[in-house]
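Here TrEMBL flags GLU19, SER200, SER340 as active site. Per TrEMBL, Mg(2+) 1 binding site is recorded for ASP316, GLU329. For GLU329, ASN331, the entry in TrEMBL reads Mg(2+) 2 binding site. TrEMBL lists 151-362 with the feature domain 'ATP-grasp'.
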Amino acid sequence: MGADERVTIAVVFGGQSSEHEVSCLTAAGVLGALDPSRYEVHGIGIDKRGVWHRYTVEEIGALRVEDGRLPAIGEDRPRAVMVREPGGVRLATLEGDRLVDPVHVDVAFPVMHGAYCEDGCIQGHFEILGLRYVGCGVTSSANGMDKAFMRTCFEQAGIPLVPWLTITPGRWRDDRRGCLARVNAELRYPVYVKPARGGSSVGISRVTDPARLAEAVGTARAADPKVVVEQGVVGAREVECGVLGVAGGAPRASRPGEIVMHANGGFYDYDAKYLPEEQVELRVPAELPADVAERVRATAVACFEALDCEGLARVDVFVLPDGGVVVNEINTMPGFTAHSMYPSMWQATGIEYPALVDALVDQALARPATVLR
């Protein structure tokens, strides 16, 4: 690729997960940050059946919330396929049994969340194609998506966590009462009941009464048969920190941001994240003592390295009243919507959204197009 040639990027969005609509918003945000003088952008929208469709930049840019409804991929659109060839990877439109309008692709920019997307599946597809891509690899994506495996990795690395336990599908089927009894014996209320492999707070419940625990497990299991239950942290502040992988260098941490819920007893659920009218405030940067802010940043980098992440991740922590930091989770594909935390934290750190996107693409292009790197 010559110095004056534009980098061809395939922005991949949508997907089969419960976060399909959120991904569409993220795609529109990323598109707006890609400099058209440097990048030639093509869109791949994956509908809820898993079918790939071709999108123009104008169509991606039109994805937005309208009348309180989130956007989704239409099923009647032109089909898209990616093909590996000796000279690289091509994206084409499928018309009957013919491939038309093929374009060479230099790098994929997946902005999908949830199952089949953020969990290593789409990353594995890109690896098989030999296509460079933005973000974490297969292993870090898979472990980051599964809250049980993620916590196991963090515990092995000595990273502090809130007390937690897992309810597997088999245990719930064979001994439902035993699962509930274990939660009541080992964790203090309130507890948070979560799908193990979900995101954006879909299926999450805050439980203060043991009598509501079984119902909360059922809600989580509707999204994922594997469930994680975490002990709530009373009086803690919810703080997030962005981590950016740098080609050939150590990962960097952003200034932290804080989530403040104005609703009494509320938590940062799906609506609060993506529907602007909800009563939530994102404070960036977070007002923290310098030593606590540095502790948050160091913890975020430790999480990034423990999972062998690449490109980007957002680490969510609780800051305790005494200034201690415990990890909630890592998100290996944080949202890029206009009011998302990840780009906001980097902006507060001195990196504007377009420069952040440039850094992610540069990191993807610099690394080998192989799993052995």
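Every residue number used here counts from 1 along the chain in the order it is shown.
Even glycines carry a Cβ here, placed using N, Cα and C.
Caution: TrEMBL annotation is automatic and unverified by curators.
Overlay of TrEMBL feature records on the structure.
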| residue | record | DSSP class |
| --- | --- | --- |
| GLU19 | active site | coil |
| ASP316 | Mg(2+) 1 binding site | strand |
| GLU329 | Mg(2+) 1 binding site | strand |
| SER340 | active site | coil |
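Cα spacing between GLU19 (active site) and ASN331 (Mg(2+) 2 binding site): 13 Å, rounded to the nearest whole number. Cβ contacts within 10 Å of GLU329 (Mg(2+) 1 binding site), excluding its own Cβ and spanning all protein chains shown: 21. Sequence-distant neighbours of ASP316 (Mg(2+) 1 binding site): residues of the same chain at least 6 apart with a C-beta under 8 Å from its C-beta are GLU238, VAL239, GLU240, VAL327, ASN328, GLU329, ILE330, ASN331.
Least packed by the Cβ count within 10 Å, out of the recorded positions ASN331, SER340, is SER340.
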